[in-house]
């Protein structure tokens, strides 16, 4: 697929610290956060003018699903716009708390685990053709996804019975099977529930739920960009070495616990390979593929960063990607802090630092303090991110949804939308079904808007 639809869903962790007598449960905090959303959307599950979906997921986790994007830079921009929208809700909720005499700070974390060991996710969505063999897609992808964390994990200090260890991935400890149709009870690597949110005869949505939520724009670009290249190779029939893993779930944990990328995991054919070797195999195939087929600026940037990250892991010279890869940026931050205060990795102060990296409040979050200092690389500009808070992507179906919502709100019309339906709740109950996510112009939608 030369042009692909991408989407990211990020669940956020919520917590509140109180200085007064009155304390709020996570549910109550989430209600404060979403009060403004409910006041204009009459629900805690809404679609926004930029085409995105914002809702309260199970366990009081706010979730932001980007609109459909057809290039990775735009996807990163819209994911960051989601952070800004949630930061706005947070500031608003804190103000409301103060007005009601409750002394407390609300924190929103874009991470994947809380202190109680619960996990919540970052789900990646890739549109693929219906005609391909989904089983083969999964077979080729799983070894890539299991080892991909070495280049795009978010990093985490994990407390184990043998002491604290630094892992490259947050999500790895919480994945229990390779391919499954459940997302919460048993967390698989690829979710197979068949909901294409598009014409089911033509398309299928590949739902990858193994990845970490990224603060770094460049890590996010690499995560989705490299996965897209691997998908394109599979779709083009590129012959790949069989790297199927004997036990993907054991392998994912082993890879996560090894910052050197050298620990060997067992393949289904009895041989062994390290995460570095497996990633290098996919990278060299992807490089050949782009050389043969030609690639755009984004794919060249992805390949360059992918290679440099593997080089950094292999040589142990993490400075090579300290400005671009989440787990490395965070690791170096923690190590500097530990040296300065002579702390063990198991120190509660280190755990606090680990968490503060993911705080989306720009005046408080450690990632944003690094960004303000110019210590991390960017993909999107602040202006583009600000625009993306209210303007949908212009080349996908999101444009139709965003325009419809904007007009209906301006005209104060009652409406219902989801990923494929646009409906005016008037006597005629006029509905337009948008089954092609690539289509950004549709006379039926224009007519629906004109008739408001």
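In case you wondered, yes, glycine gets a Cβ from its N, Cα and C as well.
As recorded in Swiss-Prot, the features of this protein are as follows:
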- 9, 55, 63: Mg(2+) binding site (BINDING)
- 53, 66, 419: ATP binding site (BINDING)
- 57: active site, proton acceptor (ACT_SITE)
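Recorded features from Swiss-Prot, shown on the structure.
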{"residue": "9", "record": "Mg(2+) binding site", "DSSP class": "strand"}
{"residue": "53", "record": "ATP binding site", "DSSP class": "strand"}
{"residue": "63", "record": "Mg(2+) binding site", "DSSP class": "strand"}
{"residue": "419", "record": "ATP binding site", "DSSP class": "coil"}
> What recorded positions in the list 53, 57, 66, 419 lie within 10 angstroms of residue 9 (Mg(2+) binding site), counting C-alpha atoms?
Replying inline: 53, 66
>> Over all pairs within 53, 66, 419, the annotated ATP binders, what is the largest Cα to Cα distance, rounded to whole Å?
In response: 11
>> With an 8 Å cut-off on Cβ distance to the 53, 66, 419 Cβ center, who else from the chain surrounds the ATP site?
In response: 7, 9, 47, 51, 52, 65, 67, 68, 398
>> I want to check the contact list for residue 53 (ATP binding site): same chain, sequence separation of six or more, C-beta distance under 8 angstroms. What comes out?
In response: 45, 46, 47, 63, 64, 65, 419
>> On a simple 10 Å Cβ count over all chains shown, which one of the binding-site residues 55, 419 is most densely packed?
In response: 419
> Taking the Cβ of residue 66 (ATP binding site) as reference, which residues of that chain separated by at least 6 in sequence fall under 8 Å from it?
Replying inline: 6, 7, 8, 9, 52, 75, 78, 79, 81, 82
> Near the Cβ of residue 63 (Mg(2+) binding site), how many other Cβ atoms are there if near means within 10 Å?
Replying inline: 20
> In sequence order, what residues of the same chain, 6+ apart, have a Cβ less than 8 Å from the Cβ of the residue listed as 'active site, proton acceptor'?
Replying inline: 11, 63, 120
> Applying the rule Cβ within 8 Å of the centroid of the Cβ atoms of 9, 55, 63, what extra residues of the same chain belong around the Mg(2+) site?
Replying inline: 10, 11, 53, 54, 57, 61, 62, 64, 65
